[in-house]
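**Student:** Residues or ranges marked as domain 'TRAM' in Swiss-Prot (evidence: sequence analysis): 10-68. The [4Fe-4S] cluster binding site annotation in Swiss-Prot covers 81, 87, 90, 167. Annotation source Swiss-Prot lists S-adenosyl-L-methionine binding site at 270, 299, 304, 320, 347, 368. The annotation active site, nucleophile is assigned in Swiss-Prot to 394.
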């Protein structure tokens, strides 16, 4: 979750204060109460006494960073990554992984239990806390005065770039590629034209996209192509107009059931492959799919849930707002010989009950909306009268809001599980099953 803070209009009298930390929120921030005001403090754990530097302050709450740990928690740990103090990629490496997960789970479950006390809270869906990211976007910036080039992630709370030679949350092949990229760009003829690099570890190798401004010099194109051949990369370049593939094939990943999902370098895919598979398995299990089911998959993308569902049901219809993704989903269905699947483009923030696909009978529905949630679609969705709705969420705030809406339409929250898709960060995802009463 990205939080945009607006500084308080009047500067505080003191820029630091001492606080005792009472709790931990799901984003890994310590929570303190000082003179009736709630403070959310980075790099602080429960039971600690810390000196806090104020980042911003509102009337009823404020944000700060602990600049000195006066009384440390006995379980506080040293960060695994040497860049952790500066890099904005992770927020929670000082917190033991069990404590991270407990805080995330408690925050989600407390909110939902207030709405549906009878809901069953299932074990968390987890995987390894390190080397799990199969995708990363790296900023690249050349400093003309120093003649130095930086490549990495943004520094915490600034726009500066942390120059990364490795990353402990990236899958190992991606992390191992970082120093080689630094070496490549050190010989670049026009480094000021470099924009960013995207890396994706697909099941058929690493795909790389280089974003640049202006024309790519022939010497740089040759360097880049030779590098891609040497490292066996699928290579793409993007200028101000288009993306061009210079080497390799299209990237894809394969699910446990053999479903092969091909995607383009800029397409959204779940960054944690292991957790993605567990999430799919959980969705299929909770929906209790049978060969008689007709399933509707909303916000379906290129078919990450749709195609595995199709192997167990009578028919599945996938709805996606982006036309290009619909075409890719159709292509994936054809390549996987899934002939009981239909995909349609629809803007789900507009009424859709009159669209022809909505006139079909669906007894089960899956939706995986963006961070803004699905409040705009839930009224029409509930009118379809499905017996089960499975909701995959990447934002606890919109999940709680949408749960309240579903309860108003006589759906009951039966069970929910937290998904630790991004260990050592403040991100929280979940999967929830609703049943018609």
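Glycine residues also receive a Cβ, built from the backbone N, Cα and C atoms like all the rest.
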**Student:** If one measures from the C-alpha of the residue listed as 'active site, nucleophile' to the C-alpha of residue 368 (S-adenosyl-L-methionine binding site), what distance in angstrom results, rounded to a whole number?
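**Tutor:** Computed Cα spacing between the residue listed as 'active site, nucleophile' and residue 368 (S-adenosyl-L-methionine binding site) is 8 Å.
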**Student:** Going by C-alpha distance, which of the binding-site residues 81, 87, 90, 167 is nearest to residue 368 (S-adenosyl-L-methionine binding site)?
**Tutor:** 90
**Student:** Can you name every residue in this chain, apart from 81, 87, 90, 167, with its Cβ inside 8 Å of the center of the Cβ atoms of the recorded [4Fe-4S] cluster site?
**Tutor:** 83, 84, 89, 93, 153, 164, 168, 169
**Student:** May I ask which residues of the same chain, at least 6 positions away in sequence, place their Cβ under 8 angstroms from the Cβ of residue 167 ([4Fe-4S] cluster binding site)?
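**Tutor:** Once residues fewer than 6 apart are set aside, residue 167 ([4Fe-4S] cluster binding site) is near 81, 83, 89, 133, 136, 153, 174, 175, 178.
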**Student:** Which number gives the other C-beta atoms within 10 angstroms of the C-beta of residue 299 (S-adenosyl-L-methionine binding site), all protein chains shown included?
**Tutor:** 20
**Student:** For the recorded positions 81, 394, work out the Cβ neighbour count at 10 Å and name the residue with the minimum.
**Tutor:** 81
**Student:** Which number gives the other C-beta atoms within 10 angstroms of the C-beta of residue 320 (S-adenosyl-L-methionine binding site), all protein chains shown included?
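**Tutor:** If we count other Cβ atoms within 10 Å of residue 320 (S-adenosyl-L-methionine binding site), we arrive at 24.
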**Student:** Using a 10 Å radius around each Cβ and all protein chains in view, which of these binding-site residues has the most neighbours: 270, 304, 347?
**Tutor:** 304
**Student:** Let me know how many other Cβ atoms fall within 10 Å of the Cβ of residue 368 (S-adenosyl-L-methionine binding site).
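**Tutor:** The Cβ of residue 368 (S-adenosyl-L-methionine binding site) has 22 Cβ neighbours within 10 Å.
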**Student:** When DSSP states are grouped into helix, strand and coil, how many residues of the domain 'TRAM' (10-68) land in each?
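**Tutor:** With helix first, then strand, then coil, the domain 'TRAM' (10-68) has 0 helix, 35 strand, 24 coil.
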